[in-house]
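Structure first, then comments.
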């Protein structure tokens, strides 16, 4: 028999048993579709996270208080008090870090913001007038924090768009006072709807001078982070090295293993996130591939059962001159048709669902 005749015979046999054919292909369809969806979701998640990281800009270096976490459950750095005002002053000296453009101390936490009878849980960021440039944010209404506000620990606050809606509704918020802890803070600005920037959701956040946050909200004299900006993309690595050496000198650290702080450039953070999402994506793809393997085994079983059920047909064909090779080729053609058709359908639905 020619290959064309065998193909026609195989196709006819599959059409005769439509129910069995569809159920056999289903495993392949689900397997292929799952792999495409998982890879697409993984890539989408990675692109989203990297986009948020890049919101800080490629020249940004973040100095975290405390030792570098050993895993996702290690949160000791959140309570470290190793970064102080004297560290900021040391970093600002051109003799220590010649390529540094700016440094901004940051403190952060969470608490309830209260206005009248309304109460809303907010993320609190304490920073300086540089926050607008570093995070690429500006106010939709009112004014931003100034250097004078920072120097005097002024009772002023900027609120995110969702905070404004939750506390004030359609009422104007500018000039009104909200209470956090036992401190009344005057609203001087409202941020536009911004979403997340480097993991910070500014829509649900409030921004105030770090001096105000330290003194009245958190009751601390240290910083959670220092956000440094190099003067160009080319000097990021040198700036990070100089900042690291300066902080070690300030903290009298000679052994890098005993650092009570750690630095991350945006490139470092992006690489770390990429490696994590890649591992997660490949793991999920392997899980999805199991269903593809099950689908392949299903085809093997169905074809084995098919051979048993079609013993009379095979005997009749051999009686009229069909060779063993022709019969084997027909069953192989049926398997290939099932696999290719199931794969094509799986790819189609996988692409449609991942768009």
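Glycine residues also receive a Cβ, built from the backbone N, Cα and C atoms like all the rest.
Keep in mind that TrEMBL annotations are predicted by a computer and have not been checked by a curator.
Since we're looking at a predicted model, the values are computed, not measured.
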Ranges in play 21-42, 43-64, with TrEMBL marking transmembrane segment at 21-42
If you average pLDDT over the domain 'ABC3 transporter permease C-terminal' (286-354), what do you get? 80
Can you break down the domain 'ABC3 transporter permease C-terminal' (286-354) into helix, strand and coil residue counts using DSSP? 64 helix, 0 strand, 5 coil
